[in-house]
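Visitor: According to Swiss-Prot, the protein carries these features:
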type     : residues : note
DOMAIN   : 838-876  : domain 'EGF-like 6'
DOMAIN   : 919-959  : domain 'EGF-like 8'
DOMAIN   : 978-1019 : domain 'EGF-like 9'
CARBOHYD : Asn111   : N-linked glycosylation site
CARBOHYD : Asn410   : N-linked glycosylation site
CARBOHYD : Asn810   : N-linked glycosylation site
CARBOHYD : Asn944   : N-linked glycosylation site
REPEAT   : 530-572  : repeat 'LDL-receptor class B 5'
Amino acid sequence: MPWGRRPTWLLLAFLLVFLKISILSVTAWQTGNCQPGPLERSERSGTCAGPAPFLVFSQGKSISRIDPDGTNHQQLVVDAGISADMDIHYKKERLYWVDVERQVLLRVFLNGTGLEKVCNVERKVSGLAIDWIDDEVLWVDQQNGVITVTDMTGKNSRVLLSSLKHPSNIAVDPIERLMFWSSEVTGSLHRAHLKGVDVKTLLETGGISVLTLDVLDKRLFWVQDSGEGSHAYIHSCDYEGGSVRLIRHQARHSLSSMAFFGDRIFYSVLKSKAIWIANKHTGKDTVRINLHPSFVTPGKLMVVHPRAQPRTEDAAKDPDPELLKQRGRPCRFGLCERDPKSHSSACAEGYTLSRDRKYCEDVNECATQNHGCTLGCENTPGSYHCTCPTGFVLLPDGKQCHELVSCPGNVSKCSHGCVLTSDGPRCICPAGSVLGRDGKTCTGCSSPDNGGCSQICLPLRPGSWECDCFPGYDLQSDRKSCAASGPQPLLLFANSQDIRHMHFDGTDYKVLLSRQMGMVFALDYDPVESKIYFAQTALKWIERANMDGSQRERLITEGVDTLEGLALDWIGRRIYWTDSGKSVVGGSDLSGKHHRIIIQERISRPRGIAVHPRARRLFWTDVGMSPRIESASLQGSDRVLIASSNLLEPSGITIDYLTDTLYWCDTKRSVIEMANLDGSKRRRLIQNDVGHPFSLAVFEDHLWVSDWAIPSVIRVNKRTGQNRVRLQGSMLKPSSLVVVHPLAKPGADPCLYRNGGCEHICQESLGTARCLCREGFVKAWDGKMCLPQDYPILSGENADLSKEVTSLSNSTQAEVPDDDGTESSTLVAEIMVSGMNYEDDCGPGGCGSHARCVSDGETAECQCLKGFARDGNLCSDIDECVLARSDCPSTSSRCINTEGGYVCRCSEGYEGDGISCFDIDECQRGAHNCGENAACTNTEGGYNCTCAGRPSSPGLSCPDSTAPSLLGEDGHHLDRNSYPGCPSSYDGYCLNGGVCMHIESLDSYTCNCVIGYSGDRCQTRDLRWWELRHAGYGQKHDIMVVAVCMVALVLLLVLGMWGTYYYRTRKQLSNPPKNPCDEPSGSVSSSGPNSSSGAAVASCPQPWFVVLEKHQDPKNGSLPADGTNGAVVDAGLSPSLQLGSVHLTSWRQKPHIDGMGTGQSCWIPPSSDRGPQEIEGNSHLPSYRPVGPEKLHSLQSANGSCHERAPDLPRQTEPVQ
């Protein structure tokens, strides 16, 4: 072949292979992904239409239905008798069962209506099956050994097979035209054609109790007793009896029923009183649905879904109504339906076939007597509606108009309004709504129930409407509820000592993060980078990690205390938190570098927090002295009080971003409330049904609440509070509920982070990244990379593409190895159905909040959770720190006990992850206070400073060293981020001035951070260097402050003493105390002139004497003279004043001076401590000087006439003031 033609052939081969793979991919998608497991919501993919599956099961004498997620639980038949077996016909929406007590075959519609008898049956019926293609019912008569078949009405019954040995447990596959049954006596499995021919024995085994088919995998499953009487195992084989396999399951004891659908197995266990769901290949991913009443074991179990009963006939024989509606466009306004008898098109109701029989045209119903309307009729395409003039109202029958006369006092308690008619009060509804079944409440687009629509209600005509959904949501089969398209949502939550997630139906229940968690009560999810942000309450920091638990990174380690709430702004790219220890609301960018306080005034104990990025507002709860719910802008301004009345401890808070509705829970009142974002239209949603609520989350039609009273997660309808379902499973304290789904946080753009993973072009579409390629390229198989158009498609890695898209149901069922023993593989979610009291196999009340009930179907016991030990009948926390069971290094950390675990807090000089502690290299990080030019040497838990080979004191500089310069040859500063040791691709790798270096021994790159920063990329601000650097200055400053304080204190003491002395002196002068020498008699014995002074001194304190001084009189020339011992006496006395005229009185009396006399004498008064002071302050004497007894002789020598005598005064005189 010429080389020029080869590109043409290559292109043709490329197109053929591409077409083949595309067809294979589509087929695999339709046969694989469109084979939804019972918990796979196929409508989310947008490609597989169909209703969600539900379960039908017998329980005692009743038959009920329930969704796999535990919702919509209701009884279809109250009294079904003793049912031997049952089956359904999905297309005809019928349920058939045998009442062996009444010996009849009965049927009812799947909604529980239309109960009727089909035919009589034998008493020993042991199995029932329905051929949904030929519309026939088959049952097994074990006593007579026959298999009987009849039509759906029971009129044409006939024996299909006879002479069988105790047949039981029949199952059919109408597509393959085969039926299967078992024999109890021989323990064998048999097969035959549905016509009753080609009977074949497949296997001979023992103890077959349950038999069922997986029509999608074309395999036969049965339960076989082990022979030991306590265990039963699930076996399977193909339709030929080959490829027998044993299926491993966690609970496989005494199975009473089982059913398969997709990759799931549904089964019930005797004495377990529950329905179990698990992966049919591995037995893992288990969910338990506890039923109500819980004391009756479920019997027969079936999955109701169109793919559980697939059909093969063509559209002409059995047309698909949905397909015909899509093909009915040539009928113009009407939707055409195919008449199976005439094979001609018939118009839908409200339309008629045109005369040329080519299209459908509208019928004008109002043209014929207003079609029953009393006062007015309006025609609409395909229908009509009655109208009323002003002043009249349309009655609930939709045809009669009545004059608007209001009822007095609304006696009928109508939800909207009441009109008085001749027949009495009648409730009326606004335009667009109709009266409900109770005759009082209204439903419709103008009513509070929004017409039953979960999102959008579209009025069609008065009394008629239809539901629609927001972009990204799909309308479900009930034509009312909406479900998010895309991946199945995950519920992410903190569990005190770990972080977990599960699907809404309890599947995929796993632990994401468990190591070194301490205590976690606050977390949130970033849909842009797909990361989890969470707060470590015990270790007092904020971390983030990937959704798979990898790449944990500490963001904020300083400035936070008791973190209880966390919220992420996925549009503004910031995080916010509540800190009850510091009584603040804080915020930061996602790197944790720039964090600040948002709210710190008028706030007590903030707990829950939520952010509305589009409204640019924060909402938080406060559980302090004045409980309240508040709102503010993202900067902390414009604070608004949302609610403050009827609150005790408002804890969790969340926002419904589709309806702008605020939800919060009150822990102490056990109440869930809702309101608008401004606090208006506040109403109570749930009360006393949620135990101890802590946090909330809302998505689709559901509101999720975490309960600490019974550690679990509760789901209710977000508008009504009904359909309560409780999910639990080895939980401790579930909190911070977060829904992970692209639509859970509207407006998120994953293309902002690493281009959404796309190589070329990224387009955001409903929260997901859509990758496109530039011209000349095509997308690779991963949907993200782009390849040239001429890239060889038949490469080795793409040759096995068919294996990658093969349906899971077609994979082999080899024996699955045992569990790996990890905690994530043993988690079992348990669904508690609404309306039932909490009870499990371990008895009423369960095992408490710190234990779980473990049942094997026969027996049950309580097992304490990890970190707890049995203490009597309860499980108590193990204090690993006190019992020395922790792994905390004693030399570098301190153990802190937490509920169910512990954490290690590193000592100064170390850092760690909550378990291990590592030495900090202060020298490399620059977190030291060695003086300028001094050398720093790292040590374990610290560092040393040296200066030219000798130790240097911290903070001092070395004089002979020169600091390395950061200047280049041109005199400019070097760029630290372009260090020669790193390639250009690392430009910008080191942050905050860090220098990138290449370590040859490790062949890796690292950052040398400047002083004040630390971390792998110098991303963490570290202020410890400042404290260390200024420690010496701080000590000097402290000494100086102490010295100044001491001096000031001494001065204050001196001033105090002087003030005290001055005050006491003044007080003594004004109020003299009593003389202790005064006797009560008042007499003082006097001595004669010859008495010595020693006698007087012996009886009283030393006396005081006064010598008068006369001022010098220049005229008389008198001059003072000194006496002995310094005493001063008058050498010359004035004629007008003689010495004898002065009497020295007692200290209580004023000095007394007589006139001149011949008898000169001196009186020595009793001594007193205040004698001289009293005399000194007396103004009667011109001058004086106090002297002691030693100077008395000197005085007497100068005045020889002086002698002692007692005073004889008529009265006492008060001291001179």
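Any Cβ shown, glycine's included, is placed from N, Cα and C.
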Visitor: Give me the count of other Cβ atoms within 10 A of the Cβ belonging to Asn944 (N-linked glycosylation site).
Guide: 16
Visitor: Let's see if you can do this one: DSSP helix, strand and coil counts over the repeat 'LDL-receptor class B 5' (530-572), in that order.
Guide: 0 helix, 23 strand, 20 coil
Visitor: How many neighbouring Cβ atoms, not counting its own, are there within 10 Å of the Cβ of Asn111 (N-linked glycosylation site)?
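Guide: Summing over all protein chains shown, Asn111 (N-linked glycosylation site) has 11 other Cβ atoms within 10 Å.
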Visitor: How long is the line from the C-alpha of Asn944 (N-linked glycosylation site) to the C-alpha of Asn111 (N-linked glycosylation site), rounded to the nearest angstrom?
Guide: 82
Visitor: Could you give the mean pLDDT over the domain 'EGF-like 6' (838-876), rounded to a whole number?
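Guide: So the average pLDDT across the domain 'EGF-like 6' (838-876) works out to 73.
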Visitor: Based on DSSP, name the secondary structure state of Asn944 (N-linked glycosylation site): helix, strand or coil.
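Guide: Note: Asn944 (N-linked glycosylation site) is in a strand by DSSP.
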